[in-house]
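K.L.:
Before I ask anything, here is the structure I am working with.
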Ligand code: GLN
(Lines of atoms letter the chains of each structure in order from A and count residues from 1; the text may use other names and numbers.)
(Lines give C-alpha, C1' and ligand atoms only; values in the text may rest on other atoms or scores of the structure.)
Protein backbone atom coordinates (compact mmCIF):
# COMPACT_ATOMS: atom_id res chain seq x y z
CA UNK A 1 0.00 0.00 0.00
CA UNK A 2 2.81 2.41 0.86
CA UNK A 3 4.11 2.39 -2.73
CA UNK A 4 0.99 4.06 -4.07
CA UNK A 5 1.10 7.57 -5.47
CA UNK A 6 -1.58 10.16 -4.67
CA UNK A 7 -3.20 9.43 -8.04
CA UNK A 8 -3.30 5.69 -7.29
CA UNK A 9 -4.64 6.32 -3.80
CA UNK A 10 -7.42 8.50 -5.21
CA UNK A 11 -8.44 5.70 -7.59
CA UNK A 12 -8.25 3.06 -4.84
CA UNK A 13 -10.40 5.14 -2.49
CA UNK A 14 -12.92 5.90 -5.24
CA UNK A 15 -13.13 2.18 -6.13
CA UNK A 16 -13.50 1.27 -2.44
CA UNK A 17 -10.44 -1.01 -2.55
CA UNK A 18 -9.48 0.36 0.88
CA UNK A 19 -10.54 3.15 3.18
CA UNK A 20 -8.58 6.23 4.16
CA UNK A 21 -8.58 4.95 7.75
CA UNK A 22 -6.95 1.65 6.69
CA UNK A 23 -4.33 3.45 4.63
CA UNK A 24 -3.64 5.96 7.40
CA UNK A 25 -3.05 3.15 9.91
CA UNK A 26 -0.64 1.39 7.54
CA UNK A 27 1.37 4.57 7.01
CA UNK A 28 1.44 5.53 10.70
CA UNK A 29 2.79 2.06 11.51
CA UNK A 30 5.39 2.41 8.78
CA UNK A 31 6.49 5.79 10.12
CA UNK A 32 6.82 4.33 13.64
CA UNK A 33 8.92 1.46 12.28
CA UNK A 34 11.19 3.29 9.83
CA UNK A 35 11.41 6.95 10.76
CA UNK A 36 13.91 6.42 13.61
CA UNK A 37 16.49 5.80 10.86
CA UNK A 38 15.63 9.05 9.06
CA UNK A 39 14.36 11.56 11.65
CA UNK A 40 12.04 13.06 9.07
CA UNK A 41 9.23 14.00 11.48
CA UNK A 42 9.28 16.53 14.32
CA UNK A 43 5.72 15.77 15.44
CA UNK A 44 3.27 13.02 14.60
CA UNK A 45 -0.44 13.80 14.68
CA UNK A 46 -1.93 10.30 14.90
CA UNK A 47 -5.18 11.31 16.55
CA UNK A 48 -5.86 14.14 14.12
CA UNK A 49 -4.97 11.85 11.21
CA UNK A 50 -7.36 9.09 12.28
CA UNK A 51 -10.16 11.62 12.83
CA UNK A 52 -9.58 13.26 9.45
CA UNK A 53 -9.42 9.84 7.75
CA UNK A 54 -12.72 8.75 9.31
CA UNK A 55 -14.30 12.06 8.27
CA UNK A 56 -13.01 11.64 4.70
CA UNK A 57 -14.38 8.09 4.53
CA UNK A 58 -17.75 9.38 5.72
CA UNK A 59 -17.73 12.12 3.06
CA UNK A 60 -16.96 9.55 0.36
CA UNK A 61 -19.71 7.27 1.67
CA UNK A 62 -22.11 10.19 1.12
CA UNK A 63 -21.02 10.41 -2.50
CA UNK A 64 -18.37 13.14 -2.33
CA UNK A 65 -15.23 12.72 -4.41
CA UNK A 66 -11.95 14.56 -4.94
CA UNK A 67 -8.34 13.60 -5.51
CA UNK A 68 -7.31 14.71 -2.01
CA UNK A 69 -10.29 13.35 -0.11
CA UNK A 70 -8.70 10.87 2.31
CA UNK A 71 -5.16 11.35 0.97
CA UNK A 72 -2.40 11.18 3.62
CA UNK A 73 0.09 14.03 3.64
CA UNK A 74 2.36 15.90 6.08
CA UNK A 75 3.24 19.55 6.50
CA UNK A 76 6.67 21.09 6.76
CA UNK A 77 6.88 22.33 10.33
CA UNK A 78 6.70 25.99 9.40
CA UNK A 79 3.07 25.86 8.33
CA UNK A 80 1.00 26.91 11.34
CA UNK A 81 -1.28 24.13 12.56
CA UNK A 82 -3.87 25.10 15.13
CA UNK A 83 -3.21 23.62 18.56
CA UNK A 84 -0.25 21.64 17.23
CA UNK A 85 3.41 22.46 17.79
CA UNK A 86 4.80 24.53 14.91
CA UNK A 87 8.51 24.63 15.66
CA UNK A 88 10.17 25.82 12.44
CA UNK A 89 12.97 23.43 13.42
CA UNK A 90 14.01 25.80 16.19
CA UNK A 91 14.42 25.67 19.95
CA UNK A 92 12.93 29.17 19.82
CA UNK A 93 9.53 27.71 18.89
CA UNK A 94 9.86 24.30 20.56
CA UNK A 95 6.94 25.22 22.84
CA UNK A 96 4.85 27.09 20.24
CA UNK A 97 1.40 25.80 19.43
CA UNK A 98 -0.05 27.84 16.60
CA UNK A 99 -3.35 29.56 17.41
CA UNK A 100 -4.63 29.13 13.82
CA UNK A 101 -4.12 27.10 10.64
CA UNK A 102 -2.05 28.44 7.73
CA UNK A 103 -4.16 28.98 4.61
CA UNK A 104 -2.40 26.04 2.92
CA UNK A 105 -3.18 23.78 5.88
CA UNK A 106 -6.82 24.92 5.99
CA UNK A 107 -7.30 24.51 2.23
CA UNK A 108 -5.84 21.00 2.18
CA UNK A 109 -7.87 19.98 5.23
CA UNK A 110 -11.03 21.28 3.55
CA UNK A 111 -10.18 19.20 0.46
CA UNK A 112 -10.08 16.16 2.76
CA UNK A 113 -6.33 15.59 3.07
CA UNK A 114 -5.20 13.69 6.17
CA UNK A 115 -2.31 15.20 8.15
CA UNK A 116 0.04 12.52 9.50
CA UNK A 117 2.45 14.97 11.10
CA UNK A 118 4.88 17.85 10.84
CA UNK A 119 8.15 17.29 9.06
CA UNK A 120 11.69 18.18 10.08
CA UNK A 121 13.45 21.11 8.46
CA UNK A 122 16.47 23.36 8.71
CA UNK A 123 15.99 25.91 11.48
CA UNK A 124 13.80 28.73 10.11
CA UNK A 125 14.30 27.15 6.65
CA UNK A 126 17.92 28.29 6.49
CA UNK A 127 20.04 25.62 4.91
CA UNK A 128 20.51 23.13 2.12
CA UNK A 129 21.14 19.97 4.11
CA UNK A 130 18.64 19.78 6.96
CA UNK A 131 21.54 19.71 9.39
CA UNK A 132 20.63 22.93 11.21
CA UNK A 133 17.42 21.60 12.82
CA UNK A 134 17.15 21.79 16.61
CA UNK A 135 15.62 18.29 16.34
CA UNK A 136 18.69 16.80 14.69
CA UNK A 137 19.77 16.12 11.14
CA UNK A 138 17.58 14.21 8.66
CA UNK A 139 19.17 11.30 6.77
CA UNK A 140 18.86 10.61 3.07
CA UNK A 141 17.03 7.28 2.50
CA UNK A 142 19.24 6.63 -0.55
CA UNK A 143 22.30 6.58 1.70
CA UNK A 144 21.93 7.20 5.41
CA UNK A 145 25.39 8.75 5.61
CA UNK A 146 24.32 11.55 3.27
CA UNK A 147 22.12 14.62 3.68
CA UNK A 148 18.62 14.69 2.15
CA UNK A 149 18.96 18.33 1.10
CA UNK A 150 17.20 21.22 2.74
CA UNK A 151 15.53 23.05 4.06
CA UNK A 152 12.53 20.77 3.39
CA UNK A 153 14.64 17.67 4.11
CA UNK A 154 12.07 16.02 6.38
CA UNK A 155 9.28 16.23 3.80
CA UNK A 156 11.67 14.92 1.12
CA UNK A 157 13.12 12.01 3.12
CA UNK A 158 9.66 10.90 4.28
CA UNK A 159 8.18 10.89 0.77
CA UNK A 160 11.26 9.27 -0.79
CA UNK A 161 11.18 6.50 1.85
CA UNK A 162 7.53 5.82 1.07
CA UNK A 163 6.39 6.84 4.55
CA UNK A 164 3.70 8.85 2.77
CA UNK A 165 2.92 9.83 -0.83
CA UNK A 166 3.40 13.61 -0.71
CA UNK A 167 4.09 16.55 1.58
CA UNK A 168 4.04 20.31 1.63
CA UNK A 169 7.31 22.22 1.54
CA UNK A 170 8.61 25.75 0.99
CA UNK A 171 11.26 27.20 -1.28
CA UNK A 172 13.07 30.47 -0.57
CA UNK A 173 16.20 29.66 -2.54
CA UNK A 174 15.70 26.04 -3.57
CA UNK A 175 14.28 24.24 -0.54
CA UNK A 176 11.68 22.31 -2.54
CA UNK A 177 13.70 21.62 -5.69
CA UNK A 178 17.06 20.79 -4.11
CA UNK A 179 15.80 18.15 -1.63
CA UNK A 180 13.65 16.77 -4.46
CA UNK A 181 16.82 16.35 -6.52
CA UNK A 182 18.74 14.78 -3.62
CA UNK A 183 16.05 12.19 -2.87
CA UNK A 184 14.68 11.32 -6.35
CA UNK A 185 11.42 13.25 -6.04
CA UNK A 186 9.48 15.73 -8.11
CA UNK A 187 9.11 19.13 -6.45
CA UNK A 188 7.54 22.35 -7.64
CA UNK A 189 8.16 25.91 -6.50
CA UNK A 190 5.22 27.93 -7.80
CA UNK A 191 5.24 31.52 -9.05
CA UNK A 192 5.64 33.98 -6.17
CA UNK A 193 2.08 34.83 -5.09
CA UNK A 194 0.48 31.62 -6.41
CA UNK A 195 0.31 29.91 -2.99
CA UNK A 196 -0.66 31.87 0.11
CA UNK A 197 2.07 32.61 2.64
CA UNK A 198 -0.44 33.35 5.39
CA UNK A 199 0.47 31.23 8.40
CA UNK A 200 3.76 30.16 6.83
CA UNK A 201 6.46 31.30 9.27
CA UNK A 202 8.52 33.81 7.30
CA UNK A 203 12.18 33.42 6.41
CA UNK A 204 12.62 35.93 3.55
CA UNK A 205 9.17 37.22 2.66
CA UNK A 206 9.90 38.40 -0.89
CA UNK A 207 11.34 34.98 -1.81
CA UNK A 208 9.35 32.40 0.23
CA UNK A 209 6.83 30.24 -1.61
CA UNK A 210 5.04 27.04 -0.60
CA UNK A 211 4.64 24.11 -2.96
CA UNK A 212 4.32 20.33 -3.30
CA UNK A 213 6.91 17.55 -2.93
CA UNK A 214 5.83 14.19 -4.34
CA UNK A 215 7.16 11.29 -6.39
CA UNK A 216 5.56 12.26 -9.71
CA UNK A 217 4.51 15.36 -11.62
CA UNK A 218 0.99 13.93 -11.66
CA UNK A 219 0.96 14.02 -7.84
CA UNK A 220 2.47 17.51 -7.70
CA UNK A 221 -0.46 18.63 -9.87
CA UNK A 222 -2.92 17.14 -7.39
CA UNK A 223 -1.27 18.68 -4.33
CA UNK A 224 -0.69 22.07 -5.96
CA UNK A 225 -4.37 22.18 -6.91
CA UNK A 226 -5.21 22.00 -3.22
CA UNK A 227 -2.65 24.64 -2.21
CA UNK A 228 -2.92 27.33 -4.89
CA UNK A 229 -5.25 30.30 -5.07
CA UNK A 230 -5.81 33.90 -4.08
CA UNK A 231 -5.86 34.70 -0.37
CA UNK A 232 -6.88 38.15 0.84
CA UNK A 233 -4.94 37.47 4.06
CA UNK A 234 -1.64 37.51 2.12
CA UNK A 235 -1.00 40.92 0.59
CA UNK A 236 1.38 39.41 -2.00
CA UNK A 237 -1.06 36.71 -3.08
CA UNK A 238 -2.10 37.20 -6.70
CA UNK A 239 -5.71 37.07 -7.82
CA UNK A 240 -5.23 34.92 -10.90
CA UNK A 241 -7.50 31.97 -11.79
CA UNK A 242 -6.08 28.55 -10.88
CA UNK A 243 -6.11 26.23 -13.90
CA UNK A 244 -6.92 22.53 -13.67
CA UNK A 245 -3.35 21.25 -13.37
CA UNK A 246 -4.26 17.56 -13.77
CA UNK A 247 -6.21 18.24 -16.98
CA UNK A 248 -3.15 19.71 -18.72
CA UNK A 249 -0.65 16.93 -18.13
CA UNK A 250 -1.07 15.23 -21.49
CA UNK A 251 -0.40 18.11 -23.84
CA UNK A 252 2.00 17.27 -26.68
CA UNK A 253 5.58 18.53 -26.45
CA UNK A 254 5.77 18.88 -30.23
CA UNK A 255 7.52 22.16 -30.99
CA UNK A 256 8.15 23.02 -27.30
CA UNK A 257 11.15 25.37 -27.22
CA UNK A 258 13.63 24.41 -24.52
CA UNK A 259 16.43 26.82 -23.63
CA UNK A 260 19.64 25.50 -22.12
CA UNK A 261 21.75 28.32 -20.63
CA UNK A 262 25.41 28.05 -21.52
CA UNK A 263 26.37 29.44 -18.08
CA UNK A 264 24.97 26.30 -16.42
CA UNK A 265 27.79 24.11 -17.70
CA UNK A 266 30.67 25.75 -15.88
CA UNK A 267 33.55 24.19 -14.00
CA UNK A 268 31.53 23.81 -10.78
CA UNK A 269 29.16 21.23 -12.30
CA UNK A 270 29.90 17.54 -11.71
CA UNK A 271 30.52 16.24 -15.28
CA UNK A 272 28.48 13.11 -14.53
CA UNK A 273 25.49 15.33 -13.73
CA UNK A 274 26.10 17.31 -16.93
CA UNK A 275 25.89 14.04 -18.87
CA UNK A 276 22.56 13.09 -17.25
CA UNK A 277 21.19 16.54 -18.05
CA UNK A 278 22.16 16.06 -21.70
CA UNK A 279 20.38 12.68 -21.64
CA UNK A 280 17.20 14.32 -20.36
CA UNK A 281 17.42 16.89 -23.18
CA UNK A 282 17.68 14.04 -25.71
CA UNK A 283 14.59 12.36 -24.23
CA UNK A 284 12.60 15.58 -24.54
CA UNK A 285 13.87 16.08 -28.12
CA UNK A 286 12.53 12.63 -28.98
CA UNK A 287 9.15 13.82 -27.67
CA UNK A 288 9.18 16.71 -30.12
CA UNK A 289 10.91 19.50 -28.20
CA UNK A 290 13.34 21.83 -29.95
CA UNK A 291 16.47 22.71 -28.00
CA UNK A 292 18.31 25.99 -28.17
CA UNK A 293 21.30 27.38 -26.33
CA UNK A 294 20.55 30.58 -24.43
CA UNK A 295 22.42 32.88 -22.05
CA UNK A 296 21.69 34.18 -18.55
CA UNK A 297 24.62 36.58 -18.28
CA UNK A 298 23.96 37.82 -14.72
CA UNK A 299 23.66 34.40 -13.16
CA UNK A 300 27.11 34.65 -11.57
CA UNK A 301 25.91 37.53 -9.36
CA UNK A 302 22.86 35.70 -8.03
CA UNK A 303 24.44 33.94 -5.02
CA UNK A 304 25.97 37.10 -3.50
CA UNK A 305 22.72 39.00 -4.11
CA UNK A 306 20.59 36.25 -2.55
CA UNK A 307 22.87 35.91 0.47
CA UNK A 308 22.40 39.64 1.16
CA UNK A 309 18.65 39.87 0.49
CA UNK A 310 17.57 36.66 2.26
CA UNK A 311 19.50 37.36 5.51
CA UNK A 312 18.38 41.02 5.43
CA UNK A 313 14.72 39.99 5.31
CA UNK A 314 15.36 37.23 7.85
CA UNK A 315 16.94 39.64 10.34
CA UNK A 316 13.81 41.76 10.12
CA UNK A 317 11.35 38.83 10.23
CA UNK A 318 13.07 37.13 13.15
CA UNK A 319 13.14 40.26 15.30
CA UNK A 320 9.67 39.28 16.53
CA UNK A 321 11.19 36.39 18.48
CA UNK A 322 12.26 38.42 21.47
CA UNK A 323 11.35 36.27 24.46
CA UNK A 324 8.34 38.48 25.16
CA UNK A 325 5.58 37.47 22.77
CA UNK A 326 6.59 34.15 21.22
CA UNK A 327 8.53 31.07 22.05
CA UNK A 328 11.59 30.59 24.18
CA UNK A 329 12.27 32.87 27.15
CA UNK A 330 15.47 32.64 29.22
CA UNK A 331 15.34 31.92 32.96
CA UNK A 332 15.38 34.83 35.43
CA UNK A 333 16.20 37.78 33.17
CA UNK A 334 17.86 40.65 35.04
CA UNK A 335 16.44 43.37 32.81
CA UNK A 336 14.93 43.84 29.34
CA UNK A 337 18.27 43.76 27.49
CA UNK A 338 19.28 40.59 29.31
CA UNK A 339 15.91 39.04 28.40
CA UNK A 340 16.37 39.81 24.69
CA UNK A 341 20.00 38.76 24.56
CA UNK A 342 19.73 35.49 26.41
CA UNK A 343 16.36 34.45 24.96
CA UNK A 344 17.64 34.97 21.41
CA UNK A 345 21.11 33.61 22.16
CA UNK A 346 19.65 30.43 23.63
CA UNK A 347 16.72 30.07 21.21
CA UNK A 348 18.50 30.47 17.87
CA UNK A 349 21.13 28.09 16.49
CA UNK A 350 24.44 29.17 14.91
CA UNK A 351 23.31 29.39 11.28
CA UNK A 352 20.29 31.51 12.19
CA UNK A 353 22.44 33.81 14.33
CA UNK A 354 24.98 34.13 11.52
CA UNK A 355 22.29 35.19 9.07
CA UNK A 356 20.67 37.66 11.48
CA UNK A 357 24.06 39.30 11.91
CA UNK A 358 24.77 39.42 8.16
CA UNK A 359 21.30 40.78 7.49
CA UNK A 360 21.34 43.41 10.22
CA UNK A 361 24.75 44.56 8.96
CA UNK A 362 23.57 44.80 5.34
CA UNK A 363 20.56 46.86 6.38
CA UNK A 364 22.41 49.19 8.73
CA UNK A 365 22.74 52.90 7.95
CA UNK A 366 25.87 53.43 5.91
CA UNK A 367 25.92 49.92 4.46
CA UNK A 368 22.36 49.74 3.12
CA UNK A 369 23.27 51.35 -0.22
CA UNK A 370 26.44 49.35 -0.65
CA UNK A 371 24.89 45.94 0.02
CA UNK A 372 21.11 45.74 0.17
CA UNK A 373 20.35 48.27 -2.57
CA UNK A 374 23.02 46.83 -4.83
CA UNK A 375 21.67 43.32 -4.29
CA UNK A 376 18.19 44.54 -5.28
CA UNK A 377 19.63 45.97 -8.49
CA UNK A 378 21.23 42.62 -9.28
CA UNK A 379 17.88 41.01 -8.60
CA UNK A 380 16.35 43.13 -11.35
CA UNK A 381 19.15 42.17 -13.77
CA UNK A 382 18.55 38.48 -13.04
CA UNK A 383 14.84 38.95 -13.74
CA UNK A 384 15.58 40.84 -16.98
CA UNK A 385 17.79 37.96 -18.16
CA UNK A 386 14.87 35.58 -17.73
CA UNK A 387 12.41 37.91 -19.45
CA UNK A 388 14.73 38.12 -22.47
CA UNK A 389 15.20 34.33 -22.50
CA UNK A 390 11.47 33.66 -22.33
CA UNK A 391 10.99 35.72 -25.48
CA UNK A 392 12.83 32.95 -27.25
CA UNK A 393 11.98 29.75 -25.37
CA UNK A 394 9.06 28.16 -23.48
CA UNK A 395 11.03 26.51 -20.69
CA UNK A 396 14.60 26.66 -19.42
CA UNK A 397 16.30 23.39 -18.55
CA UNK A 398 19.41 22.57 -16.53
CA UNK A 399 20.73 20.78 -13.46
CA UNK A 400 18.99 21.40 -10.13
CA UNK A 401 22.26 21.13 -8.20
CA UNK A 402 25.94 21.09 -9.20
CA UNK A 403 26.66 17.98 -7.08
CA UNK A 404 24.72 15.07 -5.62
CA UNK A 405 23.89 14.93 -1.88
CA UNK A 406 26.99 15.38 0.24
CA UNK A 407 27.97 13.46 3.37
CA UNK A 408 26.48 14.56 6.69
CA UNK A 409 28.81 17.09 8.29
CA UNK A 410 30.90 17.59 5.13
CA UNK A 411 30.22 21.34 4.93
CA UNK A 412 29.99 22.08 8.66
CA UNK A 413 33.13 24.17 8.82
CA UNK A 414 32.46 26.12 5.63
CA UNK A 415 28.97 27.62 5.31
CA UNK A 416 29.87 29.41 2.07
CA UNK A 417 30.60 26.05 0.42
CA UNK A 418 26.97 25.11 1.12
CA UNK A 419 25.71 28.48 -0.18
CA UNK A 420 27.48 27.84 -3.51
CA UNK A 421 25.43 24.66 -4.01
CA UNK A 422 22.32 26.86 -4.48
CA UNK A 423 23.61 28.34 -7.73
CA UNK A 424 20.93 26.85 -10.02
CA UNK A 425 17.89 27.28 -7.80
CA UNK A 426 18.04 30.77 -6.27
CA UNK A 427 17.63 32.72 -9.53
CA UNK A 428 14.00 31.54 -9.81
CA UNK A 429 13.28 32.95 -6.33
CA UNK A 430 15.00 36.24 -7.09
CA UNK A 431 12.81 36.59 -10.20
CA UNK A 432 9.66 35.03 -8.64
CA UNK A 433 9.43 32.40 -11.39
CA UNK A 434 8.06 28.86 -11.09
CA UNK A 435 10.55 25.98 -11.13
CA UNK A 436 10.36 22.21 -10.94
CA UNK A 437 12.92 19.50 -10.24
CA UNK A 438 12.42 15.94 -11.45
CA UNK A 439 14.51 12.75 -11.26
CA UNK A 440 17.05 12.38 -14.07
CA UNK A 441 19.35 9.53 -13.02
CA UNK A 442 21.94 8.54 -10.44
CA UNK A 443 25.60 9.24 -9.65
CA UNK A 444 27.29 6.84 -7.21
CA UNK A 445 23.87 5.55 -6.18
CA UNK A 446 22.65 9.06 -5.32
CA UNK A 447 19.78 10.73 -7.21
CA UNK A 448 20.25 13.62 -9.64
CA UNK A 449 17.59 16.19 -10.55
CA UNK A 450 16.91 18.15 -13.70
CA UNK A 451 15.35 21.58 -13.24
CA UNK A 452 12.76 23.22 -15.50
CA UNK A 453 11.84 26.91 -15.23
CA UNK A 454 8.90 28.63 -16.92
CA UNK A 455 7.36 32.10 -17.23
CA UNK A 456 5.07 33.42 -14.48
CA UNK A 457 2.03 31.27 -13.74
CA UNK A 458 3.11 28.53 -16.16
CA UNK A 459 3.15 25.81 -13.47
CA UNK A 460 0.87 23.81 -15.76
CA UNK A 461 3.51 23.85 -18.50
CA UNK A 462 6.19 22.57 -16.09
CA UNK A 463 3.91 19.78 -14.89
CA UNK A 464 3.00 18.88 -18.48
CA UNK A 465 6.66 18.60 -19.55
CA UNK A 466 7.59 16.66 -16.41
CA UNK A 467 4.66 14.27 -16.76
CA UNK A 468 5.49 13.52 -20.41
CA UNK A 469 9.13 12.96 -19.43
CA UNK A 470 8.03 10.60 -16.66
CA UNK A 471 5.86 8.61 -19.06
CA UNK A 472 9.04 7.90 -21.05
CA UNK A 473 11.58 7.41 -18.24
CA UNK A 474 11.57 5.35 -15.07
CA UNK A 475 13.99 7.23 -12.79
CA UNK A 476 11.13 8.50 -10.63
CA UNK A 477 9.93 4.94 -9.96
CA UNK A 478 13.21 3.80 -8.35
CA UNK A 479 12.94 3.03 -4.64
CA UNK A 480 15.72 3.39 -2.06
CA UNK A 481 16.88 0.05 -0.67
CA UNK A 482 15.48 -0.80 2.73
CA UNK A 483 12.37 1.31 2.19
N1 LIG B 1 19.69 27.00 0.81
C2 LIG B 1 19.05 28.27 0.79
C3 LIG B 1 19.28 29.00 2.08
O4 LIG B 1 19.87 28.43 2.92
C5 LIG B 1 17.58 28.11 0.50
C6 LIG B 1 16.73 27.76 1.67
C7 LIG B 1 15.28 27.75 1.35
O8 LIG B 1 14.87 27.70 0.18
N9 LIG B 1 14.46 27.82 2.38
O10 LIG B 1 18.89 30.11 2.27
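Here the Cβ of each residue, glycine as well, is placed from N, Cα and C on the backbone.
The following feature annotations were taken from TrEMBL:
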ACT_SITE  76  active site, charge relay system
ACT_SITE  151  active site, charge relay system
ACT_SITE  175  active site, acyl-ester intermediate
DOMAIN    22-463  domain 'Amidase'
K.L.:
Sequence gap of 6 or more, C-beta under 8 Å: which same-chain residues meet both conditions with respect to residue 76 (active site, charge relay system)?
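P.N.:
For residue 76 (active site, charge relay system), the qualifying residues are 118, 119, 121, 152, 154, 155, 167, 168, 169, 170.
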K.L.:
Could you measure between residue 175 (active site, acyl-ester intermediate) and residue 151 (active site, charge relay system) for me? Cα positions, answer in whole angstrom.
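P.N.:
About 5 Å separate the Cα atoms of these two residues.
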K.L.:
Averaging the per-residue pLDDT over the domain 'Amidase' (22-463), what integer do you get?
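P.N.:
Result for the domain 'Amidase' (22-463): average pLDDT 97.
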K.L.:
Under DSSP, is residue 151 (active site, charge relay system) helix, strand or coil?
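P.N.:
Going by the DSSP assignment, residue 151 (active site, charge relay system) belongs to neither helix nor strand, so it counts as coil.
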K.L.:
Who sits close to residue 151 (active site, charge relay system): which same-chain residues at least 6 apart have their Cβ under 8 Å from its Cβ?
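P.N.:
Set apart from residue 151 (active site, charge relay system) by at least 6 residues yet with Cβ under 8 Å, we have 89, 121, 122, 125, 126, 127, 128, 130, 170, 172, 175, 179.
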K.L.:
Once the DSSP letters are reduced so that anything not helix or strand counts as coil, what is the residue listed as 'active site, acyl-ester intermediate'?
P.N.:
coil
K.L.:
Please report the number of other Cβ atoms within 10 Å of the Cβ of residue 175 (active site, acyl-ester intermediate).
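P.N.:
The answer is 36 other Cβ atoms.
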